[in-house]
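Some features that Swiss-Prot has for this protein:
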type	residues	note
REGION	1-38	region 'Disordered'
TOPO_DOM	6-87	topological domain 'Cytoplasmic'
MOD_RES	Lys9	N6-acetyllysine
MOD_RES	Ser16	phosphoserine
MOD_RES	Lys21	N6-acetyllysine
MOD_RES	Ser40	phosphoserine
MOD_RES	Ser47	phosphoserine
TRANSMEM	88-108	transmembrane segment
TRANSMEM	132-152	transmembrane segment
TOPO_DOM	153-288	topological domain 'Cytoplasmic'
REGION	216-235	region 'Disordered'
MOD_RES	Ser228	phosphoserine
TRANSMEM	289-308	transmembrane segment
TRANSMEM	321-338	transmembrane segment
TOPO_DOM	339-772	topological domain 'Cytoplasmic'
ACT_SITE	Asp376	active site, 4-aspartylphosphate intermediate
MOD_RES	Ser452	phosphoserine
MOD_RES	Ser484	phosphoserine
BINDING	Lys487	ATP binding site
REGION	596-717	region 'Mediates interaction with SCN7A'
MOD_RES	Ser668	phosphoserine
MOD_RES	Ser675	phosphoserine
BINDING	Asp717, Asp721	Mg(2+) binding site
TRANSMEM	773-792	transmembrane segment
TRANSMEM	803-823	transmembrane segment
TOPO_DOM	824-843	topological domain 'Cytoplasmic'
TRANSMEM	844-866	transmembrane segment
TRANSMEM	919-938	transmembrane segment
TOPO_DOM	939-951	topological domain 'Cytoplasmic'
MOD_RES	Ser943	phosphoserine
TRANSMEM	952-970	transmembrane segment
TRANSMEM	986-1006	transmembrane segment
TOPO_DOM	1007-1023	topological domain 'Cytoplasmic'
Amino acid sequence: MAFKVGRDKYEPAAVSEQGDKKGKKGKKDRDMDELKKEVSMDDHKLSLDELHRKYGTDLSRGLTSARAAEILARDGPNALTPPPTTPEWIKFCRQLFGGFSMLLWIGAILCFLAYSIQAATEEEPQNDNLYLGVVLSAVVIITGCFSYYQEAKSSKIMESFKNMVPQQALVIRNGEKMSINAEEVVVGDLVEVKGGDRIPADLRIISANGCKVDNSSLTGESEPQTRSPDFTNENPLETRNIAFFSTNCVEGTARGIVVYTGDRTVMGRIATLASGLEGGQTPIAAEIEHFIHIITGVAVFLGVSFFILSLILEYTWLEAVIFLIGIIVANVPEGLLATVTVCLTLTAKRMARKNCLVKNLEAVETLGSTSTICSDKTGTLTQNRMTVAHMWFDNQIHEAGTTENQSGVSFDKTSATWLALSRIAGLCNRAVFQANQENLPILKRAVAGDASESALLKCIELCCGSVKEMRERYAKIVEIPFNSTNKYQLSIHKNPNTSEPRHLLVMKGAPERILDRCSSILLHGKEQPLDEELKDAFQNAYLELGGLGERVLGFCHLFLPDEQFPEGFQFDTDDVNFPIDNLCFVGLISMIDPPRAAVPDAVGKCRSAGIKVIMVTGDHPITAKAIAKGVGIISEGNETVEDIAARLNIPVSQVNPRDAKACVVHGSDLKDMTSEQLDDILKYHTEIVFARTSPQQKLIIVEGCQRQGAIVAVTGDGVNDSPALKKADIGVAMGIAGSDVSKQAADMILLDDNFASIVTGVEEGRLIFDNLKKSIAYTLTSNIPEITPFLIFIIANIPLPLGTVTILCIDLGTDMVPAISLAYEQAESDIMKRQPRNPKTDKLVNERLISTAYGQIGMIQALGGFFTYFVILAENGFLPLHLLGLRVDWDDRWINDVEDSYGQQWTYEQRKIVEFTCHTAFFVSIVVVQWADLVICKTRRNSVFQQGMKNKILIFGLFEETALAAFLSYCPGMGVALRMYPLKPTWWFCAFPYSLLIFVYDEVRKLIIRRRPGGWVEKETYY
């Protein structure tokens, strides 16, 4: 990867493999650090002779075909190595054995273990544990397939983004031009590019003619950059004589020598940097892991306690082991895995409808816990198309609308000066609308030409009608295209107005250069001499527009006198035979890539949600700061150090940096900063703009934010954003303007490229976190009425009140739909007004949730179930005290004369029917108390009466679980299949008082929380 390999020293021997295969990880880290460094190359400093010596290329004939073939064999094809993709089967296994699924697998294995112990020791073992094991395995496999399918669907959409067009490149070999596949281009090749081509490799330009390239995907500059053979800057990314792989040539032609191909290009290094970064664990995965620890802890603690207890109570070892396994399995919430998966999927679908495509389900929640967003400027915060913002004519600044439909244009369009200015802007302009777009709105039409000229073309077309007709009336005779030495563009046209001279010369260019060529100025349609006062007015206007971060162009014209330039005069542009001085200055037009309409509002929402928005851009500081102020990243009244210095009229060095809330950091300063200095900036400034940053620096900024403990979202569209996208906790790429590399690296894609969609994402993410809490609280509560019957069965030696099969009916049957319905619950308060959650303290499942679900609501539910159990047995003659210690006889199939409290004798078959009826009734009681639990889980702080019952899915869930319970109880044949028996209608009502008690208890608890915020009740029970 070392960059300064002089190619003259590049003997094949130097390409030996790494000698030592040891320390592979260390090497990888070293490579990553190497990639994070700035680009170092020296080809831009070499003279043409030195280039010829280094690459052995004839500068007019190119390489020989034989030499090219040799180099191709040595270096490999000129293509980026695709990032290593995870094989599908590994992705599938991750779904099957990741996190929560492991808990269920362990449960299933324990069940099979228990069953095999029973099968080995009993003559007619019960099949409950076998069923349970099979069901648990099935649950994991089905939910695994489901989430795998969800993610595979997103990656299918990803595949469709890949543009499979094989690129062609025009090379010169053996002195002949030939078009070859771009992958066959080799180092040392002589390549020609013209407007509209993609640059096939990193080129050192040796000759150019009006060549401009669009580097925005690499550096983030929205303006096309001039390319010429001149060495203009030490930094290879800034110099004019290097053109980069995969950027686009927008106009002109150039010829260059290939200096790097494939992965060794600047673009290739960035792509490699992105694919080599490991993304960390998502916040929701960490939460689920934390939750599993809690549940496992509770399960093992209960299991071991009762294992010891059952040994003390003189059960056999085998029985005690069966109990241990039973308790651990009873603690596993079987339905929860499916619930969480479905909730995340629903949110992902909801986000897709709002133009956010989520690539992996866990990223859905990450956006909700985001505390810092690092956003790219070009194309994300702005529209990525230059638009005319202001004009200066008649000695005053006029505003053009920069809204996306340009509705704000309200200046005097009848002024003679404006007519002259618009005429120059339309004629001295090579941009044209592409064919067949007459029925599209002007601003939506595609233009062939560079960004500034397109902006002028659209502006003039909007204000003055068809530019094409204007150009036909004023036919062009000759032109001098823009070049970097004289910094102007000029053309001479036939003038159709008979009252004026025949030829009109129009010129545009850098304002100070244009003004130097003028001796008069047009004011209100009259020419006046250009005096010092007007020059000052020009200077002030120029500075004001430049200070707004706008790109300013000057315009002037001259009517060529007929006596010197009669009709048919031969104008010569090489040996100029017409005046290019003493022209008449007409005005200035300034352009900017304006903010998207919805962005300021979105930034405001982020700020009120406690999210810090940082702008990270490759563009110039002045432009970056202007846009940051325009969209509210630097808010009204907040000053940078430079602003304070200017206001107090003191040097910048005397200002205390802590006084400035806002801060604009230049990439070159960032280069020399230590991590500590960067941390200081991130800590002490609330509003930050990083300008002129390289891709490597974007990555360093993200790492800096993460060191502060922030959860970072990064938005971007260029290749230059991809390393940062990959490193961030959640990378957000742009769907329309985004490059393939950035889409690969991101976790989420904004299909409409609109920054405002991120706010929607944050809102959905926060909502799903709240709703998952509610869902989990609901699901866990029924664990207590499921476990306690088993514990009492062991301790008090009573007939088993609730069987394994019935537990499954609750977890995978009646509780599923209600738990999922909580995902549709609306937010209780304004989610977007609170601070982001602290991942260290604000957990998905915390001790308070467990204590509320298990210790409070769950206990009331268990009481309801036992009450029903004792009522049914008492109605059948077994009073509660008589049941103590009855278990051994009750479960013995050879004893057929067990007596009840009234002396009646019961056979084994009869006893079991009563027991199974009790199981069914206990099950129904749990359903009844879960009604109340579902309703109270709708809110965590508000009263249910404030929240209302608008959630239709939840109401459906209530009816669905009741209907399912009734079906399981009364459907003929259930006695055989699930050992469920029909109940007397009165037995349904046993648990009603407990259901009501739960509702009242929780409403009172929430009332106290609302009345006494921060009090004891809130600290102990608010999850």
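Every residue, even glycine, has its Cβ placed from backbone N, Cα and C.
Taking the features listed in Swiss-Prot, we show where each one sits on the structure.
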{"residue": "Ser40", "record": "phosphoserine", "Cβ within 10 Å": "10"}
{"residue": "Ser47", "record": "phosphoserine", "Cβ within 10 Å": "9"}
{"residue": "Ser228", "record": "phosphoserine", "Cβ within 10 Å": "20"}
{"residue": "Asp376", "record": "active site, 4-aspartylphosphate intermediate", "Cβ within 10 Å": "30"}
{"residue": "Ser452", "record": "phosphoserine", "Cβ within 10 Å": "20"}
{"residue": "Lys487", "record": "ATP binding site", "Cβ within 10 Å": "13"}
{"residue": "Ser675", "record": "phosphoserine", "Cβ within 10 Å": "11"}
{"residue": "Asp717", "record": "Mg(2+) binding site", "Cβ within 10 Å": "29"}
{"residue": "Asp721", "record": "Mg(2+) binding site", "Cβ within 10 Å": "36"}
{"residue": "Ser943", "record": "phosphoserine", "Cβ within 10 Å": "13"}
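Residues of the topological domain 'Cytoplasmic' (1007-1023) grouped by DSSP class, helix first, strand second and coil last, total 11 helix, 0 strand, 6 coil. In this chain, the transmembrane segment (803-823) lies in contact with the transmembrane segment (952-970); the count of Cβ pairs under 8 Å, excluding pairs fewer than 6 apart in sequence, is at least 3. Away from its own ends, the transmembrane segment (773-792) comes close to residues 291, 302, 306, 323, 326-327, 330-331, 333, 335-336, 339-340, 343, 798, 800-802, 807, 810-811, 815, 818-820, 822-823, 825, 844-845, 849-850, 852-854, 857-859, 861-862, 864-866, 869, 922, 925-926, 929-930, 933-934, 937-938, 940, 1023 of its chain (Cβ-Cβ under 8 Å, at least six residues beyond either end).
The Cβ of Ser668 (phosphoserine) has Arg692 as same-chain neighbours under 8 Å, each 6 or more residues away in sequence. Annotation note: Ser668 (phosphoserine) sits in a helical segment as assigned by DSSP. Between the transmembrane segment (321-338) and the stretches 289-308, 844-866, 919-938, 986-1006, it is 289-308 that has the most C-beta pairs under 8 angstroms. Sequence-distant contacts of the transmembrane segment (919-938), counting only residues of its own chain at least 6 positions beyond either end whose CB sits under 8 Å from a CB of the stretch, comprise 774-775, 777-778, 781-782, 785-786, 789, 800-803, 806, 809-810, 814-815, 818, 821-822, 825, 857, 860-861, 864-869, 872, 944, 947, 951, 954, 957-958, 961-962, 965, 968-969, 979-983, 987-988, 990-992, 994-996, 998-999, 1002-1003.
For the pair formed by Asp717 (Mg(2+) binding site) and the residue listed as 'active site, 4-aspartylphosphate intermediate', distance between Cα atoms is given as 8 Å, rounded to the nearest Å. Comparison of 289-308, 803-823, 844-866, 986-1006 by number of C-beta pairs under 8 angstroms to the transmembrane segment (132-152) places 803-823 first. In the predicted model, the region 'Mediates interaction with SCN7A' (596-717) has a mean pLDDT of 89. Residue counts for the topological domain 'Cytoplasmic' (939-951) under DSSP, split into helix (H, G, I), strand (E, B) and coil, are 4 helix, 0 strand, 9 coil. Considering only the recorded positions Asp376, Lys487, Asp721, Ser452 (phosphoserine) has Lys487 as its nearest partner by CA-CA distance.
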